[in-house]
Structures are given as structure tokens and as C-alpha cells.
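Asks: Here's the feature list from TrEMBL:
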BINDING   B:Lys7, B:Tyr8, B:Gly9, B:Gly10, B:Thr174, B:Asp175, B:Arg185, B:Lys210, B:Val211  ATP binding site
BINDING   B:Thr47, B:Glu74  substrate binding site
DOMAIN    B:268-344  domain 'ACT'
DOMAIN    B:350-423  domain 'ACT'
Protein chains: 2
Amino acid sequence: MGLVVQKYGGSSVADAEGIKRVAKRIVEAKKNGNQVVVVVSAMGDTTDELIDLAGQVSPMPAGREFDMLLTAGERISMALLAMAIKNLGHEAQSFTGSQAGVITDSVHNKARIIDVTPGRIRESLDKGNIAIVAGFQGVSADKKDITTLGRGGSDTTAVALAAALDAEVCEIYTDVDGVFTADPRVVKKAKKIDWISFEDMLELAASGSKVLLHRCVEYARRYNIPIHVRSSFSGLQGTWVSSEPIGDKKVEQAIISGVAHDTSEAKITVVGVPDKPGEAAAIFRAIADAAINIDMVVQNVSAASTGLTDISFTLPKTEGRKAIDALEKSRSGIGFDSLRYDDQIGKISLVGAGMKTNPGVTASFFEALSDAGVNIELISTSEIRISVVTRKDDVPEAVRAVHTAFGLDSDTDEAVVYGGTGR
Amino acid sequence: MGLVVQKYGGSSVADAEGIKRVAKRIVEAKKNGNQVVVVVSAMGDTTDELIDLAGQVSPMPAGREFDMLLTAGERISMALLAMAIKNLGHEAQSFTGSQAGVITDSVHNKARIIDVTPGRIRESLDKGNIAIVAGFQGVSADKKDITTLGRGGSDTTAVALAAALDAEVCEIYTDVDGVFTADPRVVKKAKKIDWISFEDMLELAASGSKVLLHRCVEYARRYNIPIHVRSSFSGLQGTWVSSEPIGDKKVEQAIISGVAHDTSEAKITVVGVPDKPGEAAAIFRAIADAAINIDMVVQNVSAASTGLTDISFTLPKTEGRKAIDALEKSRSGIGFDSLRYDDQIGKISLVGAGMKTNPGVTASFFEALSDAGVNIELISTSEIRISVVTRKDDVPEAVRAVHTAFGLDSDTDEAVVYGGTGR
């Protein structure tokens, strides 16, 4: 008998109908002879409503209490899901993150899982129950306070439980049929990917693909847990993410896995930096001290006449204000002329392990952008990814051009998006 | 420094405004030099909405999961309340029933508190925090499952915590100014009671007064915790419930504390019962085996000619169907002619320790009812209470007549009801 972990996002359990539909699917997995553990997010907009309520009573909700508040969301969905399953004649028990043994550090609102001790889950499974677990939440090791895992936390809960329970697969149910070669909302002819390696999936996630978050894929790779991303609305096979193709999925690794884009970043240019050792270090020390993660970095060639150079980097728009403040504060120490802030940028990335051994991928990529009339502002590359920054308005056209140029277009418009986006 | 436990019902924290108002009141108590523990119910209609959701996914929601679901309600209100207090510049921490050490038996949906181990609350208070505790919920001693305490459970949580923490007082905040000599919705001239003994309060609660539930008063009496029932909307002194009048409240015990009424009961008459030993026992054994609590019982004088008698008793309307079924099933064993079911009855009760030593109270009570043209169907008495059953439609008139006859009327229409009714 196999053990399957299934995760359902908020859009899959948005209302009573959704919960009943999901319950049927879970019972089917159980009937197929599996032990089933289900990780569930809060229903539809519940989390947003709770955040809104918090904003009404306090302009800056505090970490510990904010987590206590938000975790009410999964408590509701998991209890309802257990009831719906019982109503289909199968035994189910729901467990909070704490009850399920999801142990985290004490960083409220974005805690990290440090251990999973699923004794109660194992016990419940051994009694023949289906176990329902609240996603996105845990309990801190030292203070025994309730914590939340931050954005995409339910996916991480699912993978972590799958690892701790030695599951055969972690099925991530969402509102799309799987991982596509590009965002189907931008590229109508995007194709579903049948299998993708952990490495390529990590690069896609880092480059703006929203289906799976980086952290969750990283966790799955570390413990070698195959992920099956699929729709809770259709019954179709989705995308397998694993180290090697699984079972009859003898798919050869494609040269290019897909095209990702990201319009959530901004660019800061530090103008007139003295071109001498230690300057760049001073800039990025100031940024790092403010706990801001940056993405791409480019330094212009210094103008010989002035001995000054410009340094540009990208970062999440949400961190823009903080970064500017941090740099202004260190201005005298660093010594630069001015700062330029630009939030009208977009990033397009081409991902594929095949590019390591296929020369010419970079050239074809730039040619496709050039043919589409898209100007490139920054470039960054890894072994299996090329990313460029362009004007934000150019992003859709650029993504479509690159998708076509690398032969990724499907013969039909196959991509379907079923609902909103879960947590 | 004193320790005060305050409890706020659902109507007091129905929305963000309510939560902020309550937060201010809590901070005031803290500023007055008290250690403050707050027990809070779910916001307004939250519980009803959750029950409705449960009904949509399952016609008969199961105990364990139903409790898991409902306890999300207090989780939301307590977290928001803690945030609102922090926003006023004071430290607050919220605790679930389980975290607060509210240990119960395993009877889901109506668990009983068997122990309170408030170590974390004490610790939080000692750090100078205000502790916010979820009402209505606990954790089962044996299975570590989440339980709920049933109707009025938050009041019981508050009194139990007050006892465990050796509090000076348990303040129950509600949407009325206190306990009145009659239901202010029926008797405009009802007076607020300044002080009432545990015993009289117990009789009022058992007779239909809704302000405090029997179970909560019982708990307070056992541990001798003074209760102060007051409004969270007005700043007025409310009603003190305690063994002896407190502080400057040197109030002499009134002869009559108040008039309570109850229209939630039905009457079953078992017609044509053989008048021989063991018959009544057989009837009430059948009822008890169905786990139904009955209230008043009356047996008619047997008609000598037939050797048959009738036995009537009252019980909650909600148990009517079950009681009829139980009696029908035991019909052959008991031997009776027929059953009559009547849900158009009402009960009026006069409560006061003074009636023990004041002869004539019973006579005056019956005279008042007779003057008001109200027919009496059943009578039952205790040392400090007289109750009668009448037609349901006669109840308001009967309550007013008795209230006036015993000199309880206020000179003004003073009673104010501020909102709905909390849990």
C-alpha cells in the first residue's frame, strides 16, 4: 500500500461545493488502496479577509498574533473537509500544523520548518483514517507559539510531510493543469510540461513562474520527493517534478523547459560611484544589512575621464523604499552622486538544462528579442538559465517571441486556468 | 496588585469597532494596576456562519471535526483583540484554550472542564502582558483533541480561569447592564439588581434567565469567585453575584430577587397510567435512558373508579421528539393509554431566599396571577423558588403582574439592551 500526500490550494476549496468535490477526489485515492494525507489551505479569500480585519484594528499587526489570526483559515477548511469525507462514508481526522508535528523556528509570518514529527498522523493513518493537515502553519520549537510559513507555505508543508512520512509522491492540486512552457495567460499556445527536473523547476520558480515556489521545490529535491502538479478541477495528468522521469514517463529532457517572466521587480541604479575597490561591497553591504534580497547586478564600464561608474541591481518592488532609505543613509560612506529608481521593468528568462550542451541558445534568444523589437537593459546567466531585463510593457510580446523561436508553441490553445490562485 | 478576569461575549466584539472599544476598556483595567486576563467569544455571527458552512458539506457534522471548526471563531477574535491592545501601546498575548491549560473530558460539543493548568498565562502575566484567552474551548485530557464547552461555554472558561488564577473577580461583559428583576424586553420597569447571592442566581438561571448560565454560576459558587455582570457598552456598575455582598455593597438580601420566565419548554402528558407502584419509575427510566433532562413533574390524583392516573412533565422542546419516541417504544412495558404533547406552554418563576422566612409569598404569587386572569396548569416549588406553568401567550402579562405585585417595579424604564446575545 502506498502513501500519498495531496495538497489542495485555496481556490480548490473556495466554497462548500469545492470542498465536496475535493472530498470525492480524496476518497478515490483512498479507494485505490493508498494511505492518504491531505494538506489544505484556507478557503478562497479567507486569508485576505482576515488580513483586512487585522488592518482595521491595528495599522501594523504584530507577528505572533498575526499568525494566530491567519491560522484560523486552515482550521476552518480542514475541519469542513474532514466532515465532507466522513459524509462520504470514510473516516477522516483533521490536525493543526502543531498537532501534525510541523516544528518551525520562531520567525513569525515566515517561519522555516526545522523538523517534522508526524506521530499523530502516522497513528491516524494506521487506524485506517484519512489525515487532513492544516497547511501553512507550524509551532515554534522553543516557545511553542503558532507560526506561519509565509507565501506558498502550504506547498512546503505538503512536501515536508511527504518527506517525513516517506511518501511515494506529493500531489500539488491547483487551478491549472500543471507547469506550462510559459504563463498561459500570456502565451495562448503554451504547452503543459509532462516532466521537468528539480533543477529546471528551481530556475523557473526563481524566474517568476508561480505554480510552485522555489522553497518547496528545494525541499523536494533535498529529500528526493517526486511532486505531481495537477488540477483539482480536471482529472488530467499534470506535470511531474523529480530527479529522473518516473515510471512510463520516459521523457527525454528537453533542451528548453520553458520561458518565465516576472514583473514584480524594480531596478535601482546608483549613479556616479567612484571606480575603486570596495565601493560595490559597501553598496551591497548596506542593502544586505537591511535584509533585502537582490536579484541581478550589473556594473557599467567606467568612464576613463571621470573615474566614476554606475551600478544597477534589481530587487522586489516591495523592498524598493527600504533599499533607497538604506542607501541614502550610507551615502557619505559610499560616496555616489544620485539614485535612480525604476519600477517599470520586466524580466524574461529562458530555462533548460539542455542549454549547457547546446551552443547558440543565447544567440537565438537575443535574436528573437531583437526581431520582436525588444530592447535589453540587463543580462544575467546561469548554467541553465538566461535572463534579461526589458521595459515592463514589452514583456508579453517578448515572452511570446521567445516561446515561438524555441519551438515551444503547442498546435492548439490547450492551457486552461480554472479559478483564482491558492496560497 | 489584583488579578481580574474579564469575559467579552460575541456581541461586544462583533466588528473592528467593537474590538477597539473593548481593547480600550481592557487597557483601562490594566492601567488601574491590575493583572488582566481576558476571555473572548467569537465575533458576532461567526459561529452561526461556521455552523451553516458545516451544514453545507455534511448533514450531520461529526463531534471532533465540528469542534475543530467552531474553535476557529475565538482564534480570530482573540488574535484581533491582542493586536488592538498592542496598538494602544500595551503588551498582549493570545492563547487558545489548549495553550491556556483548559483541560476537558472528551465529550465533543459539550465537554466539561476537568482541570485548568494556566502555567503559560501566569508566565505571560508575570512578564507584564495582558493575556487573551479563547473562550468556549479546551483540549481533552486523554486524546489531546480540541473540544468545545457547549452553550455559554465562554462564561465557564472565564470563571474556571478566575478560580485557577485565584482572581479577585470575574467580570462578565455583555450587552445588558446586569441581571434584572425580570427580562427587560418583557417588563419595561425591570430593575437592575446590585447584588444577588449565588443561590438566587442559580435559581434564576435554572428558571430561564439568560444573562448567566447555571453551569457558570455553579462553578463560581464552588470556588467562591465573585462575578460582576456588566455592560461592555456603558461604563455602569452592573450586578455582583457572590456569597456575601462585596465591599461597600452592604445590601440587605431582598425578599424576592426577581421573576424569571421560560418559553423554551414543552409538556408531555402520559394519559391512563395504571396507579400502582413502579409505573412512574418505568416512565422516567425510559426518559432518562434517552439522556433527556426533565424539569417539572406532576401526577394527578387517581380516579378511584378506573384505577388510572395521568402523569405530566416538562422538558426542553428540542427533546420533545426524542421523548415521545422513547415512551412509545416502552409503551407495552409501562402500559398507558396515550401521550399528549403540548409546546404552547410557558413557565413563570419567582426567586428569592427571603421567601423561606416570609410566609404568604406563595399566596401573593397566586393572587397576582389570578388577578391577571392567568390560569395555572402545573406548580413546582423549592425552598427559594415557586414556578408555575401557564399558557405561553399568558407569560408576558403574568410576568408583569407578578413583578408589580412584589414591588419590584422601578420608577423609570431603566433597562437598556445594547446588542444581540453573545455565546
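Even glycines carry a Cβ here, placed using N, Cα and C.
Bear in mind that the values here come from a model prediction, so they are computed numbers and not experimental data.
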Asks: If you count other C-beta atoms within 10 angstroms, which of the binding-site residues B:Lys7, B:Arg185 is the most crowded?
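Replies: Counting Cβ neighbours within 10 Å, the top one is B:Lys7.
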Asks: In the domain 'ACT' (B:350-423), how many residues does DSSP put in helix, strand and coil?
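Replies: Counting residues by DSSP class gives 29 helix, 15 strand, 30 coil.
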Asks: So if I draw a 10 Å sphere around the Cβ of B:Thr47 (substrate binding site), how many other Cβ atoms end up inside it?
Replies: 22
Asks: Please give the greatest C-alpha separation between any two of the ATP-binding residues B:Lys7, B:Tyr8, B:Gly9, B:Gly10, B:Thr174, B:Asp175, B:Arg185, B:Lys210, B:Val211, in angstrom, as a whole number.
Replies: 23
Asks: Among all protein chains shown, how many Cβ atoms are found within 10 Å of the Cβ of B:Gly9 (ATP binding site), not counting that one?
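Replies: For B:Gly9 (ATP binding site), the 10 Å Cβ neighbour count is 26.
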Asks: State the mean pLDDT for the domain 'ACT' (B:350-423).
Replies: 84
Asks: For the binding-site residues listed here, B:Glu74, B:Thr174, B:Val211, which shows the highest count of neighbouring CB atoms within 10 A?
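Replies: Per the Cβ count within 10 Å, the most buried is B:Glu74.
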Asks: Any idea what the Cα distance is from B:Arg185 (ATP binding site) over to B:Glu74 (substrate binding site), rounded to a whole Å?
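Replies: Taking the Cα atoms only, B:Arg185 (ATP binding site) lies 29 Å from B:Glu74 (substrate binding site).
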Asks: For B:Gly9 (ATP binding site), what is the secondary structure state per DSSP, taken as helix, strand or coil?
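Replies: SS state of B:Gly9 (ATP binding site) = coil.
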Asks: In Å, rounded, how far does the Cα of B:Lys7 (ATP binding site) sit from the Cα of B:Thr47 (substrate binding site)?
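Replies: Pair distance, Cα basis, whole Å: 17 Å.
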